[in-house]
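Asks: From TrEMBL, for reference:
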TRANSMEM  38-62  transmembrane segment
DOMAIN    41-189  domain 'CSC1/OSCA1-like N-terminal transmembrane'
TRANSMEM  124-147  transmembrane segment
TRANSMEM  167-187  transmembrane segment
DOMAIN    212-427  domain 'CSC1/OSCA1-like cytosolic'
COMPBIAS  305-315  compositional bias 'Basic and acidic residues'
TRANSMEM  441-467  transmembrane segment
TRANSMEM  487-511  transmembrane segment
TRANSMEM  532-560  transmembrane segment
TRANSMEM  580-601  transmembrane segment
TRANSMEM  637-670  transmembrane segment
TRANSMEM  692-713  transmembrane segment
TRANSMEM  720-737  transmembrane segment
Amino acid sequence: MDIPLNGEGDDRVGSARNNSTGGTISKIQLSDSDSSSLMSLVSTLIPVLIYTAVCLLIFWALRRRSLRVYSPRTILGNFFSHEQSTPLPVGWLDWVKPFWAIPDTEILNRSSLDAFLFLRYLKVLVLICLVGCCITWPTLMVIHANGTGGLSQLDRITIGNVEDPHIFFIHALIAWIFFGFILFTIYRECIYYINLRHAYLLSPYYSKRLSSRTVVFSCVPPKYQDAARLRKLFGDTVKNVWIPRDTSDLERLVKERDETALRLEKAEIRLIKMANRRRNKQLKALAKAVPETAQSPRSSAGGSERSDDPEKGHPLQESIALPDVNGSVAAQWIGASERPYHRPLANFFRRVDTIKWTRNRIKALTHQINKLRRGFLKGEGRRLPTAFVEFSSQADAERAYQTLAHNRPLHMSPRYIGIRPDEIVWSSVRMRWLERIVRSFMMHALITAAIVFWSLPSALVGIVSNIKFLAKLLPFLAWITELPDAVTGIISGLLPALALSLLMAIVPWLLRGCARLAGVPSLSMIELFVQHAYFAFQVVQVFLITTLTSAASAALTRVLKDPLSAKDLLADNLPKSSNFYISYILIQCLAVGAASLLRAFDIFRHHVMAKAFDNPRGLFRIWYRERPMHWGAIFPVFTNMGVIAISYCCIAPVVLGFATVGLYLIYLVYKYNLLYVNDSSIDTRGLVYPRALMHLLVGVYLATVCLIGLFALRSAFLPMVFMIGFLIFTALVHVSLREAVSPLLYNIPRALALEMEELDGGPTADYPQDDFLTDADITASYPDFFDPVDEDEGPAHQVNGSRGVEGASGLMASVNDWSTNALAKKLQTTAENWGLAGPISYVSYWMHPDPSVEPGFILRWLHPGTFDDFSTLRRMIPGNLPDPTETYPPDYARRAYWPPEMASPAPIIWIPRDPAGVSVQEVEHCRKVVGCSDEGAELNDKCRIEVEVDKAPFWVARTLY
């Protein structure tokens, strides 16, 4: 048998050369010499940098002129004074230094705890990536660059360029050091968060709020759906009890009334505009026919100066008299057939006058609504299985929250504290316990199935990123190979990352709908639900599916030809997938960050849409409405970015550098937006932060598993054993951390009451002194059988069997103490003789620092329990914040935790004041059935509405529930 030693006739010879594709996601190569990773990176970086530069230039130019877009928190009246930020200088560059000098604690006091912790989370990610660069770049990147794998460009500095399995001991050592640093960082941030959250919630600004003193009990059995019984159950500390009724019929009527009122408002505005346009035409025609007039048109119509005296019924009643005409004022210019009309379904589509019909309908609906409300207040209707119990103080509420209320499972549980009335999802409150369980199970099953089936488009993105491989595999795509490298670089680098970002952007909206269907009771808890599920989407779709499908698609043909080469192909191609994630990080941090700073939609809304919008209510909403921060959709994106950076820290350390710079830029963008733009009305009280920290552990798990797999593929079994040991260690730390931290996340410990008393110099209001007994009280309360009794003296030591060992335990303890002290003195003397006193003192300074010294960054970071304890972080909360109870309406006890349809009034109609005086009559007619005003809105000569949004009649001050 002749064996062709020169390789002639062997089809496999040269298969790894001649422009064969490789393993990079942006362009996966099977060859060692034909890598286009750098071209793909440049093709992604240049468009992103151009887009970012354009966004920054527009922001720089418009920031001074459009305060509503770029500094709404400095001008809007719906923010309290302590929430409004200090305006920055309006120059081109003089605002940069003051902005840079603003501490993050400013956001804690002006925005929310969630906003402050989000910025801190970004800084934690930056710190992790920066420390990773300092650890891996001088070691692993040098080892990779000098490897013998023959790779080029960015692929050269990946672990795929290392072939010697003995070198992987260094990777295992670096992984132990870096991953250990991450575990300690997560631990110390959990300690910091717990102390900060307790300090924040125990401050008067939060502890006095209604939500801090109210416990929500769900799945309440019928026996306990009674206010008197609940008061008896929880004692005299109960202040108010709300047991809502099933108000579904009332909700439908209120919704119809509100829609009808808005229809009336639109019809009135249309009528006023039509009448004034006709009037203006007649006046122009009259002006041409009669050159001079003795009386102004406004006077002939009854117009004059406005009067704002609040004692008068209508602001114009004293100066504008209704025209002396029969019927409607508007009828002087428009006929009855031209008035606004519609064809209601209930009227068999027959035409009706909209204004008259809506007034009559509102009157009928108001009567039905009031009747139903009176019945509910009398106790009619089915009780909902939920109870809202307000206590006299936060301490009493916490005591009830931490107490097991019922002896049966799933009864009066789960319970919640800190839910505001304006964030309750009432459709979830109406669910019974069995319905809640079934819905929750179905939604979780649906989300799991969605994660699986969402892999199809994500996998398509990963496959399309190997465009040259597809072009060679599929003949109809052969034209792509003829395109320039720059164009294919954009197709394989920029477009897949952009498509993946857009694909994942719609997921949070779907998850919020699933949360409502699952019975989540509040908006803040919906965000926690979304955060957990969306992170699973991010990890599976953005990280796992995209990586595996891209590498598998590139190696598929080779594996089919030579199945035994699958191990080597995966070991070569998986490290190269880091190039795609560099593009992904660039798009998420630079492009998305620049777009967040530009706020293009807000520019369009306030400078284009507002001018085209001709409705006072709509202009009011545009001016005052600010989109809230949805933390459940924001945290997982950057958590997944941290997971990607951690997972590739030893495989492709260059990813850490891009992540460090990108995340710091994102930190600056969000610092500006949270200070001057965004609304943080959705408040989870910081609960998103520890969940995000725990999610970071997924990155440690994935990084460890990836290294174990790569070491196994490279036959480096001893480093693989080391990483298996670290995987077990990580699991143990994770379990221990959750067991230690979880009880402190949702509960406020009673021990803090004593600490607050010591810090404040007296008993606190929420935690009275009577709750704690002194030593004298305890001694006086002993029962009689603890008191010594007089006994007759008799012979001592009647039992003599153990007299020989009496006192032996005390003697052993004394010997043990003496030997310990002697050994300590001996070691100290020996250390001084050997000159080790200085190093020991230095180590002791770092291991056991003095709490009274002013710590530096490293010392504070190493000892959060000492330098970031409750008493220290409590000083971050200012003491001059307003009392939230002063914002409560007098009748809050009647409507706070009732469904909104029980107390919501009909919308006040806001129509523009016009020169013809039509609005005067319409206001008088509408006020008979619904509130109506024309204050603050006026029709100009061109029949355009000019609005003073501060004079809106339906303005309602915020309540700090």
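The first residue you see is number 1, and the count goes up from there.
Cβ coordinates come from backbone N, Cα and C, glycine included.
What TrEMBL says about a protein is an automatic prediction, not a curated fact.
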Asks: Kindly say whether the transmembrane segment (580-601) and the transmembrane segment (637-670) touch, using the definition of 3 or more Cβ pairs under 8 Å where each pair is 6 or more positions apart.
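Replies: Taking Cβ pairs at least 6 residues apart, the transmembrane segment (637-670) and the transmembrane segment (580-601) are in contact, with 3 or more under 8 Å.
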Asks: Can you work out which residues elsewhere in the same chain, 6+ from the ends of the transmembrane segment (692-713), have a Cβ less than 8 Å from its Cβ atoms?
Replies: 121, 124, 159, 165, 168, 171-172, 175, 179, 182-183, 186, 189-190, 193, 531, 535, 539, 543, 567-568, 570-571, 574-575, 635-636, 639, 642-651, 719-720, 723-724, 726-727, 730, 734, 737-738
Asks: Counting by DSSP secondary structure, give me helix, strand and coil numbers for the domain 'CSC1/OSCA1-like N-terminal transmembrane' (41-189).
Replies: 107 helix, 0 strand, 42 coil
Asks: Please work out the mean pLDDT for the residues of the domain 'CSC1/OSCA1-like cytosolic' (212-427).
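Replies: Taking every residue in the domain 'CSC1/OSCA1-like cytosolic' (212-427) and averaging pLDDT yields 80.
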